[in-house]
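Listed features, source TrEMBL:
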type     : residues : note
TRANSMEM : 6-26     : transmembrane segment
DOMAIN   : 89-295   : domain 'Cytochrome c assembly protein'
TRANSMEM : 121-143  : transmembrane segment
TRANSMEM : 177-197  : transmembrane segment
TRANSMEM : 209-229  : transmembrane segment
TRANSMEM : 249-265  : transmembrane segment
TRANSMEM : 313-331  : transmembrane segment
DOMAIN   : 315-624  : domain 'Cytochrome c-type biogenesis protein CcmF C-terminal'
TRANSMEM : 352-373  : transmembrane segment
TRANSMEM : 393-412  : transmembrane segment
TRANSMEM : 424-440  : transmembrane segment
TRANSMEM : 452-472  : transmembrane segment
TRANSMEM : 484-503  : transmembrane segment
TRANSMEM : 607-626  : transmembrane segment
Amino acid sequence: MLPELGFLSLLIVVALTFCLAFIPAYGLWRNKHAFAQLAYPLSILYAIFCTITLMALAYAFATNDFSLEYVAQHSNSNLPLFYKIAATWGGHEGSMLFWLFSLSLWTALFARYNRHNDQRLVISTLVLMGMISFCFAVFILFLSNPFNRLYPIPLEGRDLNPMLQDIGLIIHPPLLYLGYVGLAINFSLVIAALIYQKFNAAFARLCRPWVLASWAFLTIGIVLGSWWAYYELGWGGWWFWDPVENASLMPWLIATALLHSLIIYEKRGILLYWVVLLSIFAFSLSLLGTFIVRSGVLASVHAFSIDPQRGHALLTIFLLFTLCGLLLFALRIKELHSIARFELFSKESAFLFANILFSLATFIVFIGTFYPMIYHMLGWGTISVGTPYFNRLIVPLIFILMILMLFSPYLHWQKLPFSSIKKVTLYLFPAVVITSFQILVEQNFNFSLPSIWAFISLSLAWWLLLNTLCSSQWKNKKQWSMRLAHLGIAISIIGGTMSNYYAKEISVKMSPGDTQTLHNYQFTYLGFRNEIGPNYTAERTFFVISQQDSLIAEISAERRYYDVRTMNMSEVGIKWGWLSDLYIVMGNKISANEFAFRLHYKPYIRWLWFGGLLAMLGGFIAVWNARKPKLKGEK
């Protein structure tokens, strides 16, 4: 009965989004206040019924309702309850429903907190959100309906993909989707402002909290995805330049540039072109990310759907909103022109240069992601674009951005006070000393090109970290968000550089009692035992790790076999630490007691995610500071 309620709620959502898209628009067009004001209750009702739809699907998973095809494909009666709930968005249909649910939340929140702002602008934004929501609601209803019945009803489900049976699945996709979908608010705001030509400083203040919130959710989503890849996929890395990883990175880069553009536009009334174009492209790239994941057009460990019909529909939605946004921009381009002069060495120039760098980085990632597909479509064969391409082009941009982050807080609007250069350079020598000590401790100093790049990266990151920590701007609470974000970026770069350039790894065969040494740590293999989990069987191996005859840790690694999915999965053993991780991956069984293992030493890798959390915290503090913008206008 409850699945029918969920399906009925989905039908109501389709009707509500249609009404939201057109009835208030009619009211604005014909100056009928009552019709226009319906945007507010329609937004709230849309969110309520979308929540009911999602809860009905979650209940079907919790109660093992295998009469639903989606539940039968992605669950099993032996699956732990929290994984059953997470499986609600673990497949294509459920993830698209969660996308729609996220849209409804953002729409309702925007309606709730902007009733007293410019009514034409706010209601037009809600109308555009209704149009976007209607497209996705129709897509779900006809091409991705999670409430389709399955006959005959199977006795048991196929189980959730073992890769997704992890705490990361419960929190990573929802947070990432909230970031993706949140960019729709700013897209709709900008389109509404283009229609009514309502661009001013108050408009920038209205946009900023929504962009900040989306950016913060994208940041934590990307950080958690990297953490999940590190400990769940068992390859020892944290970023693979996978197409779906890139799909989340591109809107994050553009959203970062957009935040800086909004600050400049609010303060100086310039870079409006950037604000409009970045708003359009940020949301377009979030749609493109959905297309990549849900169409299966690019090979990825994250791509779960290979259905040309669904892919064509998502591509149509992407092209519809992107082209309409760009067309409206082209029609209004003369009205967006702003005249302002500023010096080369000024805060405006630094922000403009940062925008160019973020846009260039996005273009590099875009080309590296889609070039293999285009190459294949043209019939030229197959080609792959790997890590070397991205590292060679992205790393130099990161260096330049760190230099900009060092100097930009001390720049003034319109000009550079050269006395501030002394403040910045004060911490350069301590940064070089700390970097040299770090590398000396890792016992890996040489004059190869990678080592030189690593030295430069670490020196710049430590310079930025020290400069940010010791800045007098901490006295101004309004600067905390920016300071935390920059501090987090510096810490993440230190963690990423150290774990990439100074990690160590060995592949070994070990029997009980064998000891292997890696970076002054002794790994002793004690033995293994067979275990039975709720929906898998496993061989668990046990290790002790010591250093100079002192016990450091006791950890275990295992290989699991999921019978329903007929899949093997490795569960790594990790000794966590702030200065390094010791990481064990269990391989194949060679003989009765002998296994293959990969042993890893990962210095400072925890700093990577800690820095990301600080940046996210800075984003949410900025949201709090930017709340309740005053936007006077037509009632």
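The backbone N, Cα and C atoms fix where each Cβ goes, and this holds for glycine too.
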In contact by Cβ distance (the transmembrane segment (121-143), the transmembrane segment (393-412); 3 or more pairs under 8 Å): no
Proximity verdict for the transmembrane segment (209-229) and the transmembrane segment (607-626), three or more C-beta pairs under 8 Å: yes
Long-range environment of the transmembrane segment (607-626) - Cβ separation under 8 angstroms, sequence gap at least 6: 205, 208-209, 212-213, 215-216, 219-220, 222-223, 226-227, 238, 478, 480-496, 498-499, 578
The transmembrane segment (452-472) versus listed stretches 6-26, 121-143, 313-331, 424-440, 484-503: most Cβ pairs under 8 Å: 484-503
Folded-back contacts onto the transmembrane segment (484-503), same chain, C-beta under 8 angstroms, at least six residues removed: 236, 238-239, 398, 402, 405, 409, 438-439, 442, 444, 450-451, 453-454, 457-458, 460-462, 464-465, 468-469, 600-619, 621-622
Sequence-remote partners of the transmembrane segment (352-373) [C-beta within less than 8 Å, at least six residues beyond its ends]: 241, 243, 246-247, 249-250, 253-254, 256-257, 260-261, 264, 271, 274, 278, 281, 285, 292, 297-298, 382-385, 389-390, 393-394, 397, 400-401, 404, 408
Integer average pLDDT (0 to 100) for the domain 'Cytochrome c assembly protein' (89-295): 93
